[in-house]
Amino acid sequence: MGVEKGTRDSDSEHEEDLDEEPGEVIESAPPLKVGEERELGNSGIRKKLLKRGLGWETPEFNDEVTVHYVGTLPDGTKFDSTRDRDSSVIMKLGQGEVVAGLDHGIITMKKGECALFTLPPELGLGVAGRDAVPTNSFVRYEVELVSWIKVVDVSKDGGIIKKIVENGEKHERPGDLDEVLVKYQVALADGTIVAKTLEEGIEFYVKDGHLCPALPKATMTMKRGEKVKLVVQPQYAFGQEGKDASDAICPVPPNSTLYIDLELTSFKPVIDVTGDAKVFKKILKEGEGSLVANEGATVTISYTARLEDGTVFERKGIDDRQPLQFITDEEQVIAGLDRAVATMKKGEHAILTVKPEYGFGNIETKRDLAIVPPSSSLVYEVEMLDFIKEKTPWEMNNQEKIKAAERKKEEGNLLFKSGKYLRAGKKYDKAASYVGEEEVFGDDEQKLVTAMRVTCWLNKAACSLKLNDFQGAIKLCSKVLDIEFYNIKALYRRAQALIQTTDLVSADMDIKKALEVDPQNREMKLIQKTLKQLQAESNKRDAKLYSNMFADMTRQTSAITKKLKVERADDDMKNGEAVAMEMEMENVADSSYPPDNGKAVDSCQHLC
């Protein structure tokens, strides 16, 4: 809801639409109207609104506020007034610089607001009173919030304190990868200026740092256009060593606190497109709206492509050259350009940095204007001129969805045959999405779309097997078997995946189920033979494992027996019962761990 700038009279017809006063505990309480009074929660402080403020923001504890106030007793006797002194005061909230209760009232105020606060003795001037204030007195403060400076503890330890002098634009803040343009002036406690940027400022990447550790840390908390004052303790400045003079800075003594005036002029977002720091996109100019090209879009771009040394090897859409048009995610251009363009908006202008893995690899490649050497990193300056996205299912009628699914499935089949299993899997996913279970089809279409869905899941399962994604294959085949309980392909492919995950029991169940339906199925017989070999090998390993385990246990028992013999040798000579005990121990050992290994193995096989 909009809030008019400027003050309002008590008879404003829109007062009931304004936001609730900050600091009130009862969420259902309506906002204060001019002239209305209410207690702030259960604090004992009462607030009466005299004039509305601007906007919706309110100060917080630790912020520096500029206020006018008049302090009076309940009978109107004045005991303190900044207006009489004709000078507002600056105070840090939370310190109780005037009285503690006043700070709690001011944090509910907006800029330009006037309010009357009634404070109980314990939050006012105390039970003892002060000067003209009698003991145990309630006091009133009429306050005008002129302005405030937001104070932020950037480092959370008091090492970097940021005072916001001028708010920035929007809500975006630079990230670790972004390139920022800043202006600053750095001074010591005595006012000596030790560093200052030129009028145009200086650019740097946040992750690379600049000047001192505090600068990039503070910059990441700022918005475009924001101006701040930093107080930087030595541990975030130049520490115990200080800083020698250089072209960029005058000498800084050891253990110096720095006072920095800083402005974030602008920043260029940098995005790790591939997530492995091998394709970066630095946005020079934001595009239109919120839609990006995405996969499968027909895009039209212009670009200049360079090597790292600046050699231009290709241009499109520049100097009377035709722009490039291609379909994303179809391997029509290098992978790095393909992936980055799919993230761009119409009108966006960006610089792409592409490592060889997403470029031309380790192969020498001849392009229009130059040869690209093997293992070259590439730089593209790209502008997205236009793109046309593929229709989404909700933009299609049922027949269009079925045709689109069939087309994507066939594209997937071609990719599968050429060994491009990852891309083929994406095509099958896309095809299945057109005839998804959430889509509504007529009775005459339902059989067809169910069959299409099953085919796509089976084909994607085949891709998953090729890519060693065995859990993915199991999941997809299980979806098919939920619909078609005895689907031979689903049972076969799930059995393959289960074998690879060493779930031989479940694989055996799938094979037997399939052979019930088709006893002569050649593939099933072959995989059953493989399974039996694996089961035999597994049984041998288990037998050896348990045999070794029992042998170890027998050796341990024998060692214990020998130890008992040594410890009790003297007693045995005196007492024949010790000998009997020893013999009993040996008999127990023999009966517990029989030397008949075959019987032990049979038992363990039964457990497996």
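Yeah, the Cβs are placed from backbone N, Cα and C, and that goes for glycine too.
Worth saying up front: this structure is predicted, and the values here are computed from it rather than measured.
In TrEMBL this protein carries:
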COMPBIAS  1-11  compositional bias 'Basic and acidic residues'
COMPBIAS  12-24  compositional bias 'Acidic residues'
DOMAIN    62-149  domain 'PPIase FKBP-type'
DOMAIN    177-268  domain 'PPIase FKBP-type'
DOMAIN    296-388  domain 'PPIase FKBP-type'
REGION    1-40  region 'Disordered'
Exercise for review: Go ahead and report the DSSP secondary structure tallies for the domain 'PPIase FKBP-type' (177-268): helix first, then strand, then coil.
Suggested key: 12 helix, 37 strand, 43 coil
Revision key, fill the gap. Averaging pLDDT over all residues of the domain 'PPIase FKBP-type' (296-388) gives 96
Review point. What are the DSSP helix, strand and coil residue counts for the domain 'PPIase FKBP-type' (62-149)?
Key: 10 helix, 37 strand, 41 coil
Study note, to complete from the structure: DSSP composition of the domain 'PPIase FKBP-type' (296-388), residue counts helix/strand/coil, works out to 10 helix, 40 strand, 43 coil
